[in-house]
Ligand SMILES: NC(=O)c1ccc[n+]([C@@H]2O[C@H](COP(=O)([O-])OP(=O)(O)OC[C@H]3O[C@@H](n4cnc5c(N)ncnc54)[C@H](O)[C@@H]3O)[C@@H](O)[C@H]2O)c1
């Protein structure tokens with residue numbers, strides 16, 4: 001039976017988090033604070049650690065009228081969504097793409113198991129490199145495209161709005177601006193569409209009598225792109241921002257509310273076929289079900305194509321690696 005989404009009935013909502021590490025447990029905690037689900041299940045190879053986290057979270061769950069427990073893949077059945085955060089993390093100086101081989105091998109183990117027990121669920125991928133692994137999760141699950149969502153540049157878009165909000169002295173929620181493409185080094189800010197108070201940035205600056213400072217704005221985009229490197233250099237990981245972003249992706253799924261978010265989905269972008277990257281999408285209980293059209297400038301279109309090509313190059317390097325699970329052989333590009 002597919003999950004029944006009903007915003008007034010959190011009782012029926014189960015969310016599974018695969019990977020009870022830093023991102024996974026912070027996401028579970030953010031879910032509790034948001035009261036989005038009544039049943040939160042943690043799955044991890046390190047059962048002992050997951051058990052400890054579940055025990056600790058259960059005491060917070062007391063206040064949210066929810067339960068947090070350790071489970072196994074059969075507990076994915078009837079989950080509204082399964083969030084995948086399992087995998088190795090960047091070390092200082094590593095790019096997200098450096099993680100690909102290890103985390104792709106892990107996905108070959110995890111995703112078919114989730115799909116087997118929860119054929120109607122929605123996969124939300126956070127593990128890096130998130131675009132490459134969103135593509136892998138689609139292939140390994142055999143799910144329709146709208147039910148495999150990468151957190152993608154939802155994180156970068158949040159950071160970008162934070163930077164622009166600080167620059168212009170306005171609440172980041174009142175800044176409309178998006179980061180597109182890879183959740184990684186080839187991402188691009190859609191400057192031509194950025195607006196405050198319904199005005200493009202140049203018009204806003206003119207109306208508000210402030211300088212349109214191109215160098216300062218480029219600094220906002222650079223700090224957005226480099227934020228994770230900076231945080232990892234200082235504290236070894238990122239967890240709070242991404243956990244809140246994951247909950248903001250789960251919200252429209254659980255409440256069926258047609259939010260527009262920049263998330264990663266498999267499609268054709270900038271003339272590059274069969275690649276996953278982030279563009280604005282509409283999300284509801286069906287998943288990331290509809291692209292939102294954008295009119296990008298010529299140079300932005302070129303940058304989007306370059307971003308798609310760089311992700312595609314990594315995908316191609318993974319092609320034909322066999323996937324072995326319980327005597328079944330899958331090929332990444334084979335139909336399941
Ligand atoms: N998308 C984003 O914006 C974003 C932000 C931060 C981190 N991340 C990514 O999230 C991933 C996790 O980061 P983290 O800081 O939580 O790492 P972590 O090391 O704290 O946690 C990873 C967890 O995965 C578990 N695990 C490993 N193999 C597993 C398997 N086969 N099945 C189930 N569980 C398994 C480990 O036991 C561990 O508990 C990394 O790939 C990281 O790069 C993504």
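Just so it is clear, glycine is given a Cβ too, placed from its N, Cα and C backbone atoms.
Per TrEMBL, the feature active site, proton acceptor maps to 183. Feature annotation from TrEMBL assigns domain 'Lactate/malate dehydrogenase N-terminal' to 13-150. What TrEMBL lists as domain 'Lactate/malate dehydrogenase C-terminal' is 153-317. As annotated by TrEMBL, transmembrane segment applies to 12-32.
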Handout entry: For the domain 'Lactate/malate dehydrogenase N-terminal' (13-150), the mean pLDDT of the predicted model
Key = 95
Fill in the blank from the handout: Quick note, the residue listed as 'active site, proton acceptor': same-chain residues at least 6 apart with CB under 8 Å of its CB -> 96, 128, 129, 130, 131, 150, 151, 152, 153, 155, 156, 264, 278
Problem - Per DSSP, three-state class assigned to residue 183 (active site, proton acceptor) - result: coil
Practice task
Report the DSSP secondary-structure composition of the domain 'Lactate/malate dehydrogenase N-terminal' (13-150) as helix, strand and coil residue counts.
Solution key: 72 helix, 25 strand, 41 coil
